[in-house]
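Q: One structure coming up, written as structure tokens, with questions to follow.
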Amino acid sequence: MAQHLLHGTLHATIYEVDDLHTGGLRSGFFGKILANVEETIGVGKGETQLYATIDLQRARVGRTRKIKDEAKNPKWYESFHIYCAHLASDIIFTVKDDNPIGATLIGRAYVPVDQVIHGEEVDQWVEILDNDRNPIHGGSKIHVKLQYFGVEADRNWNQGIKSAKFPGVPYTFFSQRQGCKVSLYQDAHIPDNFVPRIPLAGGKNYEPQRCWEDIFDAISNAQHMIYITGWSVYTEIALVRDSRRPKPGGDVTVGELLKKKASEGVRVLLLVWDDRTSVDVLKKDGLMATHDEETENFFRGSDVHCILCPRNPDDGGSIVQNLQVSAMFTHHQKIVVVDSEMPSRGGSQMRRIVSFVGGIDLCDGRYDTPFHSLFRTLDTVHHDDFHQPNFTGAAITKGGPREPWHDIHSRLEGPIAWDVLYNFEQRWSKQGGKDILVKLRELSDIIITPSPVMFQEDHDVWNVQLFRSIDGGAAAGFPESPEAAAEAGLVSGKDNIIDRSIQDAYIHAIRRAKDFIYIENQYFLGSSFAWAADGITPEDINALHLIPKELSLKIVSKIEKGEKFRVYVVVPMWPEGLPESASVQAILDWQRRTMQMMYKDIVQALRAQGLEEDPRNYLTFFCLGNREVKKEGEYEPAERPDADSSYMKAQEARRFMIYVHTKMMIVDDEYIIIGSANINQRSMDGARDSEIAMGGYQPHHLSHRQPARGQIHGFRMSLWYEHLGMLDETFLDPSSVECIEKVNRISDKYWDLYSSESLEHDLPGHLLRYPVDVDGEGDVTEFPGFEFFPDTKARILGTKSDYLPPILTT
């Protein structure tokens with residue numbers, strides 16, 4: 001049967017199955033006794049636990065709760081709001097009986113896509129078939145209702161944010177908040193006079209903010225509460241390191257600062273991920289050095305309450321699924337929540353809530369500036385914070401290159417800050433143990449309730465919404481019934497409730513986009529349902545999030561309409577760790593497959609329009625790197641790396657990648673998403689890694705009638721200045737072919753300088769072409785002369801792993 005593209009939203013309801021015959025083993029008096037015995041002694045199957053799933057061809061897009069002991073006529077009455085970007089011939093409903101390990105297939109029902117593609121509502125009983133497409137015993141049917149709405153029917157499709165009344169992303173746990181203030185941070189610190197003049201609307205110029213200095217001030221000035229979550233929190237780092245910008249008490253470590261505040265009576269609560277994984281392959285690759293045990297030991301016996309919290313599964317998974325969650329997934333949110341003084345209220349004792357959200361953990365290896373030096377800070381700010389997990393045996397005593405760290409964070413003020421606080425309270429209530437959260441109601445005469453910090457008329461005001469990837473295993477207070485979950489903007493699964501709103505936010509922003517999208521992310525892989533087979537079975541990969549496919553379909557739609565649209569993506573050269581290792585190579589392989597899927601969509605669309613254009617003029621990938629000549633007076637290590645090692649080669653060539661740890665997307669210079677979530681399945685799933693992100697815009701700086709020139713525009717231009725080492729008039733319009741061609745040319749030049757044998761000057765900028773090629777069919781191929789990353793034996797295109805499970809590396 002012919003496949004159709006379902007690109008839009010599918011509303012589906014699964015009602016019930018009639019007259020189901022599951023073999024009769026659980027029916028009758030003796031069947032009940034058998035089930036009870038099995039349940040009591042913990043063997044066998046116990047009672048029936050029937051559930052239904054929804055698939056679009058090879059992609060699982062919906063799952064009901066389990067109905068216990070209703071073997072003949074299970075009734076679910078569950079509705080689903082499904083974002084789709086899938087080629088499919090059928091919408092498939094599968095009925096299964098859950099087991100402690102795996103599930104027993106009852107049968108499948110098929111609704112042809114051509115019945116729904118034009119938007120008609122389909123409400124019918126559909127015959128359930130076996131694997132050979134024959135009716136199952138008893139002729140059972142499933143009652144379903146379906147209605148499909150294509151993206152063209154969405155009033156926001158291709159429209160951007162049309163007015164200040166834009167309500168935010170629908171069907172989410174947290175609503176959009178008005179009257180907020182947002183500070184945007186590039187890297188942990190920016191030295192004085194780094195950014196040149198970047199004009200904004202109203203005659204203003206962009207002013208960069210300093211993340212770790214602001215976090216230091218926020219913690220230092222807190223009087224009632226300091227709440228922190230992190231993938232890692234390392235007590236030995238200092239937040240203030242710029243000798244030209246000293247602060248009173250700034251030489252103290254994070255650990256000592258938190259102890260000091262707790263001893264003063266401030267409630268200091270930390271939720272740090274408990275790395276209890278036994279997956280040795282990751283540990284030996286250097287991916288999990290979180291210091292969690294050291295942090296717990298440091299605070300033991302102090303007034304700081306530090307909880308190491310594992311990534312516990314929700315209650316609904318099978319034994320295998322629960323083991324996967326607890327052993328393979330992490331708590332990845334990076335937030336700080338404090339009480340803060342009121343701005344401009346001379347002498348007021350009232351306090352408010354301020355929150356920080358983004359990609360930067362308070363741990364080693366994160367402090368950096370936009371200069372991203374490899375060697376020149378090894379005797380100063382990075383001497384005691386040398387981070388280089390990509391070489392075996394790397395150490396400050398053997399010298400650079402260190403691994404520079406590029407990241408993005410945000411500070412949130414106003415009602416949105418309280419949503420971040422509520423997220424912490426939900427997590428602490430679930431995994432924090434003692435109920436020692438500050439009772440804010442008892443401080444209502446001191447801490448003001450959620451209220452705007454800026455008037456809507458103020459031209460600097462923000463509207464902001466909080467998004468998460470999290471489930472009931474990590475957050476308390478989620479509703480239990482599917483109906484209540486749907487009303488709360490949550491997704492119900494097989495007896496687990498999931499907040500998947502980060503993925504929803506990305507999908508909505510991409511669909512709204514008019515002109516261009518700029519992405520920086522630590523990972524870029526997904527939409528595996530659309531990958532070519534090419535040595536894999538795509539349905540076994542389960543990296544099902546839609547973001548890459550949404551991006552390529554957006555570009556295709558613009559090509560078909562003859563409208564300009566560009567997507568710029570910045571990723572690291574490789575995921576942090578030994579680049580030759582199986583896990584890193586597997587991720588690079590998934591990344592190649594993702595890129596190739598997107599480029600094939602673009603090439604086919606260009607060909608259909610009779611265009612012979614370079615697909616990199618529509619979608620282009622970059623990485624960051626630095627290269628420095630040796631200067632007099634530089635740090636001289638006492639030892640040397642092993643001869644002929646990658647470490648030694650990189651040291652002699654004076655080059656290394658700048659690690660892109662960012663999780664950010666900018667759309668049309670008017671909307672920005674910043675958080676902890678990577679563009680992979682772990683982060684976007686909702687039931688894997690726990691994540692948090694903000695999405696916001698300035699209602700007075702939209703791109704509706706003229707280019708947006710608010711803080712988001714200034715932030716992007718500042719980032720481009722950091723990466724390119726220059727500003728140019730063409731950068732003002734990233735949607736123009738002149739802009740993308742210029743950025744591609746510069747990055748090609750910088751790659752040539754980075755990878756050349758000789759070095760006469762410092763690299764003039766950091767933005768490098770991602771070293772792959774795209775052929776006339778859209779296949780991602782080896783960049784001529786570069787099978788391996790410079791100084792390594794690591795394949796740039798990656799290598800499929802024959803033994804690492806995809807769930808670990810996607």
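Cβ from N, Cα, C; glycine included.
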Q: Can you pick which of Glu691, Glu722, Glu729, Glu738 Swiss-Prot lists for the same Ca(2+) site as Asp187, His372, His406?
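A: For Ca(2+), Swiss-Prot names Asp187, His372, His406; of Glu691, Glu722, Glu729, Glu738, the listed one is Glu722.
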Q: Including all protein chains displayed, how many Cβ atoms other than that of His332 (active site) lie within 10 Å of its Cβ?
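A: Here the count is 26.
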Q: Other than its close neighbours in sequence, what residues sit by the domain 'PLD phosphodiesterase 2' (656-683), given a CB gap under 8 Å and a spacing of at least six beyond its ends?
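A: For the domain 'PLD phosphodiesterase 2' (656-683), the list is 160-161, 184, 231, 329-330, 332-334, 357-360, 372, 374, 400-410, 467, 469, 502, 505-506, 509-510, 512-526, 542-545, 547-548, 570-574, 576, 623-626, 650, 689, 691-698, 701-703, 707-710, 712-713, 715-716, 734, 766, 789, 810.
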Q: So which recorded positions out of His332, Lys334, His406, Asp668, Glu722 end up within 10 angstroms of His661 (1,2-diacyl-sn-glycero-3-phosphate binding site), measuring C-alpha to C-alpha?
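A: Among His332, Lys334, His406, Asp668, Glu722, the ones whose Cα sits within 10 Å of that of His661 (1,2-diacyl-sn-glycero-3-phosphate binding site) are His406.
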Q: Give me the CA-CA distance between Gln522 (1,2-diacyl-sn-glycero-3-phosphate binding site) and Lys334 (active site), in Å, as a whole number.
A: 15
Q: Taking every residue in the domain 'PLD phosphodiesterase 2' (656-683), what is their average pLDDT?
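A: Averaged over the domain 'PLD phosphodiesterase 2' (656-683), per-residue pLDDT gives 98.
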Q: Whose Cβ lies within 8 Å of the mean position of the Cβ atoms of His332, Gln522, His661, the 1,2-diacyl-sn-glycero-3-phosphate site, other than those residues?
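A: Near the 1,2-diacyl-sn-glycero-3-phosphate site, beyond His332, Gln522, His661, sit Trp231, Gly359, Tyr523, Thr662, Lys663, Ser676, Asn678.
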Q: Taking the residues His332, Gln522, His661, which the record names as binding 1,2-diacyl-sn-glycero-3-phosphate, find the longest CA to CA distance and state it in Å to the nearest whole number.
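A: Result: 13 Å between the two most distant Cα atoms.
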